[in-house]
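**Q** Below you'll find the structure I mean.
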């Protein structure tokens, strides 16, 4: 049984670290988190969705003005936390109770790690909402600076999220190890009591690791289906938002063209107003000059004679 539980731990944790390190490289296409626990699959889907938003062009990033993106992230956060809780409860059912003091300590540490991870995911969603507000305030202006700050914040939040996700993995492993040791101690006591009977005939039992693995796979398929549905709906909504942004851009360009034409027409009108006035002033000035010259006895065409 100890060997089976050791194999289970290796199966649960294998590949997790490698995939976490791959996540740091934004350009790599992530796997579908099939080798992980349901809560890790949900977390992976959360970041895959966010990464997909980051890869959009600057023009399309303005789609974040719609609050639907943050609502989809909220749904993924709730799904992740739900699967973490379900996984912890499943561990408790499979391996049985442990010492009350140990269980209280491990549960407290696990809840703290879970809260940190949830806080990191909420910070990501909050930062996107803040960007949406700032972008609305700067509508029609250059948003390169806002997008740069958003990318910088998301990189920092990503590092913190991955760090706390790894910490939660370790806490779950410790919790599982503690419950497994308690179960093994109970099995050892039963083995000592039933030793003579076991000599007469071997006991047959279904390995608990098999049941846990099957349930984990079932959860994975169920959650994967939900998240794929959510992702598909989100992409459809973003496509609609992209079309709306294109329509808005066309309207803005049309209005700008109309304003430009109106300005040109107004300029022409002003010119038609003031041109006769200027011409009239020029005529009056020429007339005044002639009168002054006439009064002084100066002919406009007469040149002063040279003194011999």
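Cβ from N, Cα, C; glycine included.
According to Swiss-Prot, the record shows the following:
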| type | residues | note |
| --- | --- | --- |
| BINDING | 157, 158, 159, 160, 220, 221, 222, 223, 224, 225, 226, 227 | heparin binding site |
| REGION | 75-246 | region '8 X 22 AA approximate tandem repeats' |
| REGION | 153-163 | region 'LDL and other lipoprotein receptors binding' |
| REGION | 205-281 | region 'Lipid-binding and lipoprotein association' |
| REGION | 269-281 | region 'Specificity for association with VLDL' |
| REPEAT | 163-184 | repeat '5' |
| REPEAT | 207-224 | repeat '7' |
| SIGNAL | 1-18 | signal peptide |
**Q** Any idea what the model's mean pLDDT is for the region 'Specificity for association with VLDL' (269-281)?
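**A** For the region 'Specificity for association with VLDL' (269-281), the model's average pLDDT rounds to 83.
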**Q** Output the one of 159, 222, 224 that, of all these binding-site residues, has the highest number of other Cβ atoms within 10 Å of its Cβ.
**A** 224
**Q** Neighbour count first, Cβ atoms within 10 Å, every protein chain included; then name which of 157, 226 tops the list of binding-site residues.
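**A** Result for the most crowded candidate: 157.
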**Q** If you run through the region 'Lipid-binding and lipoprotein association' (205-281) with DSSP, how many residues end up as helix, strand and coil?
**A** 74 helix, 0 strand, 3 coil
**Q** Mind tallying the region 'LDL and other lipoprotein receptors binding' (153-163) by DSSP state, helix then strand then coil?
**A** 11 helix, 0 strand, 0 coil
